[in-house]
Amino acid sequence: MEDLIRYAPDLALGFLENIKISIVAAITSLILGTVLVAMRVSPTPVLRAAGTIYVNIVRNTPLTLVLAFSALGLSDQLGLVFSDVPSTNSFWIVSMGLSAYTAAFVCEALRSGINTVPLGQAEAARAIGLTFMQSLRMIILPQAFRAVIAPLGSVMIAMVKNTTVATAGGFALDSASKMKEAFDQVGASIPIFLGIVVAFMVVTLPIGYFTGRLARRLAVAR
Amino acid sequence: MSTTVLFDAPGPRARVRNNLLTVVSVVAVAAVLYGIYRGFDAKGQWEGKIWQPFLQWETWEVYIFPGLLGTLQAAVVAAVLALVFGAVFGLARLSDHAWIRVPAGVVVEVFRAIPLLLLIFFIFYLAPAVAGGGDYTFMAVVIGLMLYNGSVLAEVVRAGVHAVPRGQSEAAFAVGMRKNQVMRLVLLPQAVTAMMPAIVSQLVVLLKDTALGYIIAYVDLLNTGFKILPARFFGSLIPAAIVIGIIYVALNMALSFLATRLERRSRRSRKTAAAPIAAPGSAEVSVGAGEGTEDAGLAPDRPVE
């Protein structure tokens, strides 16, 4: 227990980094996922194909590889640099890598949400003369979003847990790295492990609970 | 809803607009690809010299195949253990006895909530303290994967048994079967068919997650590709990343393809009255969802409540 108390401030700082990455990745992946799903149902075959290829490749690549590639390939080789401070740069690299990865899952969730919208709605939208973008924006996506709140919640929970893989992208300030540092000094400590686990559960369990409740409240009555 | 309904069959003006959009998007996609190509080119990543190793059999034999073997070994052992874990804890959660049901439920919920990498780290550091020195990378990866994926599979088992229409077990009890017999002879055989696609999708997740072993230096495909190969053939990091990326994607797509095939088959299957259940966390939504994703309500002979 003393171990946990001694390392608590350090671990808390690490955990805060995980939360910061989560917030950035949540926002970016939701936007990117929505764009991807619009591409995947669009009238332009090239965009449809590009979206499909992206989702299939990213979904089937281990996150560890995605993050390592973002750091070593995109940042070191292609010169995608967000900041001159190495730790700030790797923070953004990891956040963007995680967003790019999560966006594929967001896209899949939204696409199955689109499938729940009755055919007649799209037909009606077309009948009153709405264009593709208009019907997507005003008729289809709002209903799709409401249908997939709970699954999106699970995607977000998985994403929060995935922030621990930040180490693979060269980011060494998050809770996984801090836990490793502590373990290197005092050996495996059950209190430290449980402390971090509880911290994650404090964040992920409410996400599941609230998205579940929200899903029930906002469910489209049919 | 089929997505083609979202837009009309294009008239002359829409056709022109679509063609224009196609051109613009082709240019945009090409520009992105060209940007990546040029960036790597500027760093000399396309030079034959650094791709050369991948044309030699020796590279594959000495580096890539052993790495792939490491990944597959960890995945297969972990998959078998996770299936056993999932079956035991899934059935334990369905028990009539609270002293079995509740602890099993706690174990499943806790291991599902722990970030997998932290679990692997913990086992990796705990093992030497418990069992003395040695190489615990394989063990840490396998046990971590077993506990996490086993817990998810336990939920799949539970959902599978629940997906069998209730009338089935009522009828089985009515003809005098015991709980054990009902489970063994009536529910499980049908549940397994319904569960198959979800199980295979979870195995894709498991296979992908073996790559976390990279972080504790387990010698898997990612490790050989990202650490060992570039150290041996200087400068071939990007080619190595691309090659092993292709291998991972191909492996997982083959498994996903199998999952889709199985799902289609179990949807048609008449061996089970249960509708196939969605993979956990796969974000599948049943039609008119909102009340949770188990679409047991669609089963034909479900009593109206």
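Each Cβ is built from the backbone N, Cα and C atoms, and glycine gets one as well.
In TrEMBL this protein carries:
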COMPBIAS  B:272-283  compositional bias 'Low complexity'
DOMAIN    B:68-259  domain 'ABC transmembrane type-1'
REGION    B:270-305  region 'Disordered'
TRANSMEM  B:20-37  transmembrane segment
TRANSMEM  B:63-92  transmembrane segment
TRANSMEM  B:104-126  transmembrane segment
TRANSMEM  B:138-161  transmembrane segment
TRANSMEM  B:182-205  transmembrane segment
TRANSMEM  B:237-260  transmembrane segment
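Highest Cβ pair count under 8 Å relative to the transmembrane segment (B:138-161), across stretches B:20-37, B:104-126, B:182-205, B:237-260: B:104-126. Away from its own ends, the transmembrane segment (B:237-260) comes close to residues 40, 43, 45, 50-51, 53-54, 64, 67-68, 197, 200-201, 203-204, 207-208, 211, 221-222, 224-226, 229-230, 279 of its chain (Cβ-Cβ under 8 Å, at least six residues beyond either end). Cβ atoms under 8 Å from those of the transmembrane segment (B:104-126) belong to residues 89, 92-93, 95, 136-137, 139-141, 143-145, 147-148, 150-152, 154-155, 209, 212-213, 215-216 of the same chain, restricted to positions at least 6 beyond its ends.
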